[in-house]
Amino acid sequence: MSDSVHNPVWTSCKDAAGIAGNIFAFGLFVSPIPTYRRIIRNRSTEQFSGLPYIYALMNCLICMWYGMPLISADNLLVVTVNSFGTVFQLAYIILFIIYAERKIKVSMLASLLVVLVLFAIIVAGSLQIHDRMIRWISVGSLTVVSLISMFASPLFIINLVIQTKSVEFMPFYLSLSTFLMSTSFLLYGVLNFDAFIYVPNGIGTILGIIQLMLYLHYKKKSVQESKEPLIVSHA
């Protein structure tokens, strides 16, 4: 295994997968921009929820900490992607708080405080573990739970698509970006022999494939239905 890790071709493939994952993740990070254009234009968060951004921030913080040299080795690209993610999520949360009603402002501020306190506890607690292997396993386990929770969130959308037989609430490019990012980091984790990365991203890849298959199936079905005549002539 050590020979493979230090092989230049192996390292180049791993870095390429990680860089691709960073690029595809950027597509995910900018996907809420149209929503925020609407929020800023209307000066109201309307019926939108800010909780997804709170969960995403927690996920980015945990994964960023896992990628740090103090926790795991040779995971710089995990740090970069989640650092960008943290900045984006904080920006979204701040904008949401600015335009939300007073009651929601208080709730979002409290949620943000909880996330920051929990992250501080995770950092401080993990630094108290002097055994590097145990520290790696502890933070890695939290990373797996966090990533699986994030990748499991589209299950609601998948169920909605099946029930309504419509892909209206499952944007294609968002599903595609999720699939490509998961696949890239699946390869990155495999090439880096890091189960804490390839296991959750493997699950994310499977869920991404399911979303894309559902999209293609119901999109094709809706196109076929739209081509059918609205009035059937019996003349």
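Keep in mind that glycine also has a Cβ here, set from the backbone N, Cα and C atoms.
Copied from TrEMBL, the annotated features are:
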| type | residues | note |
| --- | --- | --- |
| TRANSMEM | 16-36 | transmembrane segment |
| TRANSMEM | 48-67 | transmembrane segment |
| TRANSMEM | 79-99 | transmembrane segment |
| TRANSMEM | 106-127 | transmembrane segment |
| TRANSMEM | 133-160 | transmembrane segment |
| TRANSMEM | 172-191 | transmembrane segment |
| TRANSMEM | 197-218 | transmembrane segment |
Any contact, the transmembrane segment (16-36) to the transmembrane segment (197-218), with at least 3 Cβ pairs under 8 A: no
Recorded stretch, among 79-99, 172-191, 197-218, maximising Cβ pairs under 8 Å relative to the transmembrane segment (106-127): 79-99
